[in-house]
Every structure is written in structure tokens, then in C-alpha cells.
Amino acid sequence: MGLTRDEESNTYVTDNNSKLSFLRYNSPFVQIILIGLVCFCCPGMFNALSGMGGGGQVDPTVANNSLTALYTAFAIFGILGGAIYNILGPHITLIAGCSTYVLYSGSFLYYNHYHHQAFAIIAGGLLGVGAGLLWAAQGAIITSYPPANKKGFMCFMSLGVLLSLAILPPSKVVRDDGTKCTHILYSNVGAEALEILKLFFDWKMLLIVPAAWSSNFFYTYQFNHVNGSLFNLRTRGLNNVLYWGAQMVGSIGIGYIMDYSFKSRRKRGFLGICVVAVVWSCIWGGGLANQLRYTSSDITEKLDFKASGSDYAGPFLLYFGFGLLDAMFQSMVYWVIGALADDSEILSRYSGFYKGIQSAGAAVAWQVDTHKVAPMSQLIVNWVLTTVSYPLLLILVLLAVKEDNRAEEEPA
């Protein structure tokens, strides 16, 4: 069954006007499953390592310094990542990005044997470059491929590098209704440099800055001062599994709300943002209650999931809630970004800008912790930063998201 082009609508349709199967290799569904597997194998394993609190080390200083180098580089290459993706395409961008995750994990194995942190810091910086490439590609794929209404550490990471070869360029991906995800094959350096510069003067991107800055800022507090401070090593490992499991629940729940709750696209956006804001306040309220019970110097015995009995339940539920909330927040922001445009080229830049600002915030957060800022102060800053972002996102949905599912793609 072939595709023909409708010159008036600039779309591609099947010869007999029937819908295409969603299980095709070049369908958005299959391609998004593949990018999900890539992210599970690389960023997923990285998250498992960093979520242990201090990278699983007794002293979190090395992990904090390595993560500072990582997110400093990520802040730059996150913003540039969309442009690089538009020039190189998905294969080279994803392979280059995924490869750095393997090196980063290896640096911690090296540190465990030799206790030299220089390699871990250098590997962190290189991972920042690679992560900027990978997440820009991932953001472009998950926000542009679907239709508008559906938007062992090192071994797994190595598998992620190979899986990236299965990702198709956006020009070859065809939605079920016959439309292509983009009409532009590749860009060039001059054009991308100009488009990246424009992002810093785009009112839509400026409204996203507080959400982007805060969206990884809270990891330092959650990983080091909840999971890392309160639990022993084996319990931290269990908590981590359930933290990322909670993210699956959170992303599915908020995804349903923002895709299916109303026919109106704007109403779905308003409802999703409000739901996340309410859940956010409840969970961080629980975090405040938990933090008021102790300071770092008060902790003499770590909680164990077997030995601590009911004392384990409350802090565990809080950490589980943080995982739930993280996925809801990230999914909500990606939905908003995806609603601003339909084309992969534009969305790769938007996603790269989001990841770059996000990483700049994370770099600051890890250094804040290295300088021994009190956990209570970190908690308050996290709560305030994200609370500021909600009304700005509501304004963005009101002004920039169209009801007819056609995004506003003209320059600001």
C-alpha cells in the first residue's frame, strides 16, 4: 500500500484513504516505544545510580562534583542539542549521547577501586554533552511523532546505544492518518544558530523558564536528604526501584488527563496543570512535615525496610510520592511544549531549550548541596520555584495553545 501526497494540505495519505496500522516499524507508536527503551537503558540506569544518594557512596561529595560538571555541560548542550539533532539526524545524535552514559558508570567503578575523583568529574562533563544530545532527540521524538491528541547498569546502557540505531529520521515516520512528522530532512549550522538565538527572545520559552529551572532542582534534596540520609544502602536500592516505578504510574495518570479528559485542548491543559499543582502541594507538605522531625545531625540509625517496621512507612511513602510527582511534572511540561508546534524541527529546539535551562538549575542545585546548605532551606526553595511555574504555564496554554490542534509556529 503506497502513500500519495496531497499538495493542498501538504500531507501524505494512503492510496485507498484507509488508516495505516499503528504497529508499522515507521509508526509513531513503534518509534516512541524504541526511544523509551533507549531511555530506560541509558538515562534510566543513570537515574538508578544517582537516586541512591551520592551515587551510592558514603560521602556524596564526589557525586555532587561530578553531577555539577554534568549539568553545567548539559546546560550548554541541552540548548544546542535541538540544533545538533536537526543537522545530524537521530542516529548519530543518539549514539553519541548514549555512549557517554557507559563511560560515566565506569568512572564510579574506577572511583570505588582507586578513590580518584578526577575521572568521575571528567566523565560527568562528557555525559553532560551526551545527555544534551540524547534528550534533545528524545524530546523531539515524543512531542512530534504522535498526533496532537496523544503526546545491570553498564550492560543496559550499552544496549541503549545499539537500540538507538533503530530510531528512524522524522521524515520517514508516518502517522496513522498518513501525515508525516516533518517536511524538512536536515538543517544547517547557520540556520540553527539563528533559531537557537531566537529562543531566548521567544515569550513562549521565557514563560517555560521557571518550570525548566526547577524541574531537576529537586533531585538533590530528594536523593541526598531523603533517600540518602534516612535509609541504609539496601533500603535505598529498594526505594529507588519503587521511586521509578511510581513514575510509571504518575506519567500514565497525568497523560490520560491531558490527552483524554476533555475535547477542548486548552481545558485539558488547564486541568492537568491544576492537578499537578494540587498534588505537588500535598506531597511537599508531607516533605515539610518529615523534615521538621530531624536535621542531618539527628540521624544516628538508618531506616531499614525489614528492621524498622512502621517507622519506615512514612518516609518511604514520601519518597514514593516524590517519584510520582516528578513524572507528573515532567509529563505536564512536555505536553505543553508538544502543544506549541507539530513539526519535529521546531520541537527539537523547544525541547533542547527546556533541557538546557533544566540542567543549569540542576548544576546549581548540586553545588548548593556541596556547600552544605541546610536541607530545610533546600526544601523551601524547591517548593517556591515550582509553585511560581504553574500560573506561567496556565498563561502559556491560554495564549499559545490553539483549540483546532494547529500550533502557533510563527516567530514571536
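Any Cβ shown, glycine's included, is placed from N, Cα and C.
Note that the structure is predicted; figures quoted are calculated from it, not measured.
What TrEMBL annotates here:
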- 29-49: transmembrane segment (TRANSMEM)
- 69-88: transmembrane segment (TRANSMEM)
- 94-111: transmembrane segment (TRANSMEM)
- 118-145: transmembrane segment (TRANSMEM)
- 151-168: transmembrane segment (TRANSMEM)
- 241-258: transmembrane segment (TRANSMEM)
- 270-289: transmembrane segment (TRANSMEM)
- 316-340: transmembrane segment (TRANSMEM)
- 380-401: transmembrane segment (TRANSMEM)
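Highest Cβ pair count under 8 Å relative to the transmembrane segment (241-258), across stretches 69-88, 94-111, 118-145, 270-289, 316-340: 316-340. Counting Cβ pairs under 8 Å that are 6 or more residues apart, the transmembrane segment (118-145) and the transmembrane segment (380-401) reach fewer than 3 and are not in contact. Below 8 A, the CB atoms of the transmembrane segment (270-289) and the transmembrane segment (380-401) form 3+ pairs separated by six or more positions in the chain.
Nonlocal intrachain contacts for the transmembrane segment (380-401), taken as residues 6+ away from its ends with a CB within less than 8 angstroms of a stretch CB, comprise 204, 207-208, 210-211, 213-215, 217-218, 221, 265-266, 269-270, 273-274, 276-277, 280-281, 284, 288, 329, 332-333, 336, 339-340, 361, 407-408.
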